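J.: Let me begin by handing over the structure; questions about it come next.
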């Protein structure tokens, strides 16, 4: 009986670990098919006979993103939406451009860990651990430095230098997802009731109303 309980516990742990990231492919590739008629967890597979080299290709990551926006940053994603061949492979990337003092605001990737490499400039980066500790972990990064943001934790990157900055991020999901904290809380559609947010943030409802009236942009 004890051995059976041990086995069941081990099996449950193994299953939970196996389901903690994108599913492993069961064939060489499963190129995402556009306009699939079946809704699946990921993307419907394209007929392998119709797959071409362009299904595994993206061009343009060498081009700077337009940072002329209120945040002063621009993210150029390279995930399954840009490279259909990433479907089921559990990896994606992004280029992040920063104007001087530009910010990639506090956000979450619910389905992926991020590893960031600074190519140019100086970045002040950090993440916040989960409740109840809520510890802020920060680091100033220079060219060539690498930093990891664990899956599901709020994190940010801020250009701490006088010039432009560029970073490349790799993420452990074909579609890591993005939740920008301010946009989600104050820019939801329809809006969260102001009395709910006022109580949650312990501020007057007028403050919440002001924040909800702002334009919350994605970068």
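Backbone N, Cα and C define each Cβ position, glycine as well.
Per TrEMBL, the feature oxalate binding site maps to 104, 109, 114. Summarising the annotation, TrEMBL assigns Mn(2+) binding site to 107, 109, 114, 155. For 30-45, the entry in TrEMBL reads disulfide bond. The annotation domain 'Cupin type-1' is assigned in TrEMBL to 59-209. Taken from TrEMBL, the feature signal peptide applies to 1-20.
What's the neighbourhood like for these features in this structure?
T.: Within the same chain, residues at least six positions away from residue 114 (oxalate binding site) with a Cβ under 8 Å of its Cβ are 148, 149, 155, 169, 170, 171, 172, 176.
Around residue 45 (disulfide bond), a 10 Å sphere centred on its CB holds 19 further CB atoms from the protein chains shown.
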J.: Would you kindly give the Cα-Cα distance separating residue 45 (disulfide bond) and residue 109 (oxalate binding site), rounded to the nearest Å?
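T.: Answer for this pair: 24 Å between alpha carbons.
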J.: Summarise the model's confidence over the domain 'Cupin type-1' (59-209) as a mean pLDDT value.
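T.: Computed over the domain 'Cupin type-1' (59-209), the mean pLDDT is 96 on the 0 to 100 scale.
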J.: Relative to the mean position of the Cβ atoms of 104, 109, 114, the recorded oxalate site, which additional same-chain residues have Cβ within 8 Å?
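T.: Neighbours within 8 Å of the Cβ centroid, excluding 104, 109, 114: 94, 107, 116, 149, 155, 157, 169, 171, 176, 178.
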